[in-house]
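Working notes for the structure below.
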Amino acid sequence: IRSVSSVTIPPPACMLLPLEVPNRYLFGPGPSNVPPRVLAAGGRPIIGHLHHEMYEIMNDIKKGIQYAFQTNNHMTLAMSGSGHAAMECAVFNVVEPGESVLVSVNGVWGERVAEIAERMGAKVHTLVKAPGGYFTNEEIEKALAKHKPVLFFLTHGESSAGLAHPIDGIGDLCRKYDCLLLVDSVASLGAAPLLMDQQKIDILYTGSQKALNAPPGTAPISFNDRACHKMFNRKTKPVSYLFDMTHLSNYWGNDGKPARDYHHTGPVSGFLALRESLAILAEKGLENSWRHHKEVAEYLWKGLEDLGLKLFIKDKDLRLPSVTTITIPDGYEWKELLAYMIKHHQLEMTGGLGPSIGMVIRVGLMGYNCSTSNADKALAALSDALKHCPKRKA
């Protein structure tokens, strides 16, 4: 009989030390710093994920998302996971293997959706532009007519390039060609105007960790009746059990059944924090939030130009208020600039992502971080880095 004391691997030395986390200004594209009120909400006592009090909190979250999205959609909920969870949930539920999908790619998020759709067996077609480019409604209509997709994907806030893509009229085009419109608003929700019902967006999702002020790990998503008809009349089951809306609609009390069955254990602390962040947005008001982000962004843009830096998105109306992209200044190694600011200012900015790597530095001022005083901190750190980092000759 094996001895009870058969443990051969000792406790790791690192686990016997106290947890240490630096206090930093998170001025990148997300996550952003979380306000004390939301941190406190996430630290409330854990309750059971199937307790009636939890259901009430989930119902509050649904109402908060409906306000933030400006939708009356009943099929509204928050995914247990990051924005990628909502991205996969949308594609997995409304697309079946062999169906045509059209994806606009002008940054990393279109690339991701194209790969997700391809992995689950869709016939993927892409509209492609360089980072910072946008698609006209005429270009979109031409592609819809050619490829006849069941789903068209567009990123509203393309954080890898700092672009806020125009949305008006695209929903009408998708209805004209019997296609669902899926929009990613992870980087834009709460910071730039977006109206799900009025702009005829069929599926909209976002993430918790940017302008919504919450920690990463939950992802609001909403489906309108057109999208529900498509996903609940499938011939095949979705490829993911965890993201199957047949089960999730019940878990969130959206399917009309009297009882909610166990599907998975939701992130209780994450939902508490998300509920509080949505409450902050409701108290502030959407239009006030949009206005505030625009004003702080314009203050930042002027300060950057005063430093002699060039903004990557030339058209001010197409700039994403929450994430500003700066063209990497000539002669500088962008990684050295970022490392200097982390070391000497405890301040995070980031480089590009996906196709924008090596092209831009990204500055995010959103939600709790969106203030002119934080813009001043970002500008001072950049100015200091430009003075002290070596500039190489071309």
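From the backbone N, Cα and C atoms, a Cβ is placed for every residue, glycine too.
The substrate binding site annotation in TrEMBL covers R362. What TrEMBL records for 25-370 is domain 'Aminotransferase class V'. Summarising the annotation, TrEMBL assigns N6-(pyridoxal phosphate)lysine to K210.
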> Counting all other Cβ atoms within 10 Å across every protein chain shown, which of the recorded positions K210, R362 scores highest?
Replying inline: K210
> About how far apart, in whole Å, are the alpha carbons (Cα) of the residue listed as 'substrate binding site' and the residue listed as 'N6-(pyridoxal phosphate)lysine'?
Replying inline: 14
> Which whole-number mean pLDDT does the model give the domain 'Aminotransferase class V' (25-370)?
Replying inline: 97
